[in-house]
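Structure, as structure tokens:
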Amino acid sequence: MQQQDPVRGLILSGGGARAAYQVGVLSAMAEMVPRGERNPFPIICGTSAGALNAAALAANADNFRVAVRGLERVWSNITAEQVYRTEFFACLKGVLRWLFSGVATGRTPEKSALLDNTPLQRLLNLVINFRKISGNLDAGNLRALAITASNYGSGESVSFFQGHDELQEWTRARRLGKRSHIGVQHLLASAAIPILFPAEKVDGGFYGDGALRQLAPVSPALHLGASRLLVIGVSGNASAHHQRRLSGYPSMAQVLGHVLNSIFVDTLEGDVERLERINHTLGSVSERARKRNDIQLRQVEVLKIYPSEPIDEIAAEHVRELPRSVRFFLRGSGATRSPGASAMSYLLFQPGFTRTLLELGRKDALARADDIRAFLSEAPMGPKAISGESEPADAESA
């Protein structure tokens, strides 16, 4: 049976300012793609801040290097003021509105959150030409773009996708795929970290960060037809013996950081590991046995790249770059101290921090250059190319 060419999919996870790491990885990869070449990922899936990167890549899918260079410029120069309002009275208003919302009327006013992300909407409209997504789909430079957000009403994880006509919507337990025309509202919804940023209204429902209740982060790419996946995580989680030991009662920021990590990190890593285990099992089952027993699962090669250094520790070195007003309101939570830097890292949209993550992503990708070249080739990824962090995973029943 003739080997079909792989359909590559890119999965970009969430994590606020940590998403700069993803662009560093893509920057190194762009140098391995010929100049002027189109995007090597027909299927692009983004969640939370990863959705912003995904949409920008899709809008410029006709030229991969140009798309990545544009993202590099944005992340190299981004400031907190471009993402959320940082003036003292704006921060105070957000805190008071969130604390006392609904006290007088019994109803929570729209846009209630600690931070006002109006500047982010302006930034997204400035750097992403959403109309070009349709053009790239029509030109064959893209098969599908999927942006995942969490529906606060139904509790479902909804993957809004814009893609070729033959792609079908899907429904699974607590998650579904819905055809849509991707716009700025989808990105704002997917990146709306709960409590910090306000919910966004999309198609009549209110949505929050896509990492919430996203039980199967790999699933959208599989439903859209990917057979080879690149997963770029933003955890930077050190192994247990490297973790910082608590010397006292955990601060509010430490607890919040723990919660955010469980939302943005653990689900993706757990889903990839589960796919790897199933893939290993499928590898020991012959093709004949799979057909005889009507086994619907299929193997999908996966290359995963995660930060080689703890992002929490990097964030601790850059906390003072945040505007003074933001540090003032977060000081009491312990977020401005080193142990609470994990929570702060999600809000650290400052050039010093993001440029460090860009360099780290670039370094990690160059260290995996052989694996990446194998991923970009049409040939099957051999055992050497998929060893260690790039072992093959498989498609669960999506």
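Using the three backbone atoms N, Cα and C, a Cβ is placed for every residue, glycine included.
Automatic, uncurated: that is what TrEMBL annotation is.
Listed ranges 1-5, 46-50, 176-180, 266-270; the one TrEMBL annotates as motif 'GXSXG' is 46-50. Panel annotation: around the motif 'GXSXG' (46-50), residues 11-19, 22, 145-148, 190-191, 193, 209-211, 214, 217, 232, 234, 264 of the same chain, lying at least six beyond its termini, place a Cβ under 8 Å from a Cβ of the stretch.
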